[in-house]
C-alpha cells in the first residue's frame with residue numbers, strides 16, 4: 001500500500017474525510033455510549049484474534065452495531081479496531097474509513113426501514129427484510145470502495161473490479177449479517193450482551209474453515225515462488241520475466257472479461273511458463289548471441305520439461321496446459337507439437353502473447369529492449385499467424401488505457417554492443 005500512486009492516496013484521504021462526516025451525530029438523536037463502547041471493544045478484540053489466528057476479518061459485530069445503533073454511532077464501532085490493527089498508517093486509515101462508511105450506509109438503510117423496532121421486538125420474519133437491505137448496502141459500499149482503490153492502485157477497470165468483488169463478497173457478508181442480526185436480537189433480550197456473545201461460537205468454526213483456505217493458498221504461492229526463484233537464479237538475464245508475464249497474462253484475462261478465479265490461474269500460468277528451463281543446460285540459457293539449430297532444439301524441450309514438473313500440482317488447473325503449449329503458433333509452426341488454431345488451449349494463447357511482449361520489451365543477452373509501441377506493432381503484425389488476434393487486441397487495449405511499467409531486468413546495464421547479433425526473427429523467444 002505504501003507504493004500506491006498519489007491519486008490513490010488522495011482517494012484514501014477523501015474516503016477518510018467522508019468517514020469523519022459520517023461520525024457527526026444528528027442533534028435529535030441520542031448516542032448510546034455504553035453499547036457503542038462495548039461493541040467497539042468487542043470488535044477490536046475479535047479483529048485482533050481474526051487477523052492473527054485466522055487471517056480474516058469479522059463483520060458480525062459491525063453489522064450488529066448497524067442493527068442496534070444510530071448511523072453515526074454504528075460507524076464509530078469500526079474505528080478503534082481498524083486503527084489499532086497492524087500496518088502502515090495509510091493502510092490503517094483506509095481500513096477504518098471503508099468500514100466506517102460501509103457500516104454507516106448499512107445503519108442508515110436499516111434505520112430508514114424501521115428495522116430497529118423489529119429488532120427490539122424480535123419480530124420475525126419482518127426483521128429480516130430491513131436487515132437484508134442493510135447487509136446489501138454494507139456489501140455494496142465496501143466493494144465499491146475496494147473497487148475504486150483497485151482501479152487506482154492496480155489499474156483495473158472500476159466496473160469489472162467492483163463486480164468481481166461484489167459477487168465474491170455477497171454470500172460471506174450475508175452469513176455475517178445473519179450472525180449480526182442474531183447478536184442484535186439477543187443483545188435486546190433480557191439476557192443482554194452476554195447472550196449475544198453466544199453467536200460468536202459458531203462463527204469461530206467458519207473462521208477456522210476460512211483460515212484453512214488461506215493457509216492452503218499461501219502454500220500454493222510459496223510453491224510457485226520457489227519454482228520461479230530457481231528459474232531466475234539459473235537464467236539471470238530473464239530475472240523478473242516470469243512475474244511480468246504473469247502480470248501481462250492477468251491484464252489480458254481481465255480485459256477479456258474472465259472471472260476472478262480464472263484470472264488467478266492465468267497469472268500462475270504466466271509466472272510458471274518457463275519453469276521447464278530448470279531442465280535446460282545453464283550454458284545455453286546464458287549464451288551470448290544466437291543459438292545453433294541443435295542448441296535451439298534442446299531449448300525447445302523446456303515446455304515439456306515444465307509440464308512434467310507441474311503436472312501433479314492440481315490447483316494450477318489449465319495453467320499446466322499453458323506451460324506445455326505457450327510456444328505453439330496459430331499457423332502450426334510452433335512447438336512442441338505443432339498445434340493449429342483452436343487446438344491450442346486458450347490459456348496458452350494468452351501466455352504466448354504476454355511472453356512475447358515482455359521478451360521484446362526486456363533487454364536480453366542477444367539484443368536490446370524494444371519500445372512498448374514497437375512491441376505492440378510487432379504483435380499486431382504477427383496476429384493471426386503466430387498469435388491469437390483476440391489476445392493481442394486485449395493486450396493492446398489495456399496497455400493503451402493503463403500503460404506498461406516493466407521492472408528492470410537483470411540484463412539491463414549489460415546491453416550488447418552496437419552491431420552485436422540479435423535474434424534471427426522478430427519476437428523470437430527462448
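Glycine residues also receive a Cβ, built from the backbone N, Cα and C atoms like all the rest.
What TrEMBL records for 216-411 is domain 'HD-GYP'. Annotation comment: TrEMBL describes 238-360 as domain 'HD'. Per TrEMBL, the feature transmembrane segment maps to 6-26, 33-50, 62-84, 133-153, 165-187, 193-211.
Across the domain 'HD' (238-360), DSSP helix (H, G, I), strand (E, B) and coil residues number 82 helix, 0 strand, 41 coil.
Of the candidate ranges 6-26, 62-84, 133-153, 165-187, 62-84 has the most C-beta pairs within less than 8 angstroms of the transmembrane segment (33-50).
Packing against the transmembrane segment (62-84) from elsewhere in the chain are residues 19, 22-26, 29, 31-32, 35-36, 39-41, 43-48, 92-93, 95-96, 99-104, 106-108, 110-111, 115-116, 119, 131, 134-135, 138, 176-177, 179-181, 183-184, 187-188, 196: each is 6 or more residues past its ends and has a CB under 8 Å from a CB in it.
Here the domain 'HD-GYP' (216-411) has a mean pLDDT of 87 out of 100.
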